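Written out below as structure tokens is the structure these notes cover.
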């Protein structure tokens, strides 16, 4: 039951991430967005059903589906503009269908890799990523499509043809891709475990960080109220700073970002900003040192 709750939480995070990407790219509910969400759920569910115990493998696959969607959307907008939406949906689904079909055919071989650590360790990174070479070639060739006079429908068929070629490559390399996803999934598992183990020092760091932000924001606001001339420029004009603006300015100062929309012009304000910057750098260094010390003093919590 605990493992199922953890799996749903990780997959839920991935679904939220994918929904954000789809919402930013599509703007509304389209056939492509429906296909992407359906593919995410079905692919993760398929691998959990066919390969029991591959929880983090399915999560790695779900995250790479999100990355794949971003790349697919880029190539469609750059090389296949104006193509019908149904071509987008079909083209997106083809490589994933090819990969799923190849994994189903090679089910026993992939299951043995999931169960055997030695089989996974034999694989080297160049071998695991060799399938990307033909995929990259197809992607580079697609940049020639905009230079060829075609109708939107013809461009759509070209998109489907390119995706069909990629689906053949991932079908043939499905076992290699699965090994790569398994290794990635194990890294996810270690990452989440270690993040949970050092949660106490991280929470303490964030708490102290927040306190410094609030203290300096309050000082900025008090300085502004006591000054006859506004000590800050807001959007290039001398303006009195509100507390929410002071909180925002304190955060970007402590993180040493500095967007330039709020600028200290008074001498005392500049001194305070300098002190906060130095404090932020020291806090960051001590924070990492404490997290590192906690990991060394409690190795049983950070190791599996």
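Note that Cβ sites are derived from N, Cα and C of the backbone, with glycine treated the same way.
Automated prediction, rather than curation, is the source of TrEMBL annotations.
For 7-25 (among others), the entry in TrEMBL reads transmembrane segment.
Taken from TrEMBL, the feature transmembrane segment applies to 31-51 (among others).
Annotated transmembrane segment per TrEMBL: 56-76 (among others), in sequence order.
Residues or ranges marked as transmembrane segment in TrEMBL: 128-145 (among others).
The feature transmembrane segment is assigned by TrEMBL to 157-182 (among others).
Sequence annotations record features per position, and here TrEMBL assigns transmembrane segment to 202-223 (among others).
Across the domain 'Potassium channel' (211-294), mean pLDDT in this model comes to 88. What TrEMBL records for 211-294 is domain 'Potassium channel'.
Remote same-chain partners of the transmembrane segment (268-289), defined as residues 6 or more beyond its termini with a Cβ less than 8 Å from a stretch Cβ, comprise 201, 205, 208-209, 212, 216, 219-220, 223, 231-232, 250, 253-256. Among the features that TrEMBL reports, transmembrane segment is placed at 268-289 (among others).
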Mind checking how the domain 'Potassium channel' (211-294) divides into helix, strand and coil residues in DSSP?
56 helix, 8 strand, 20 coil
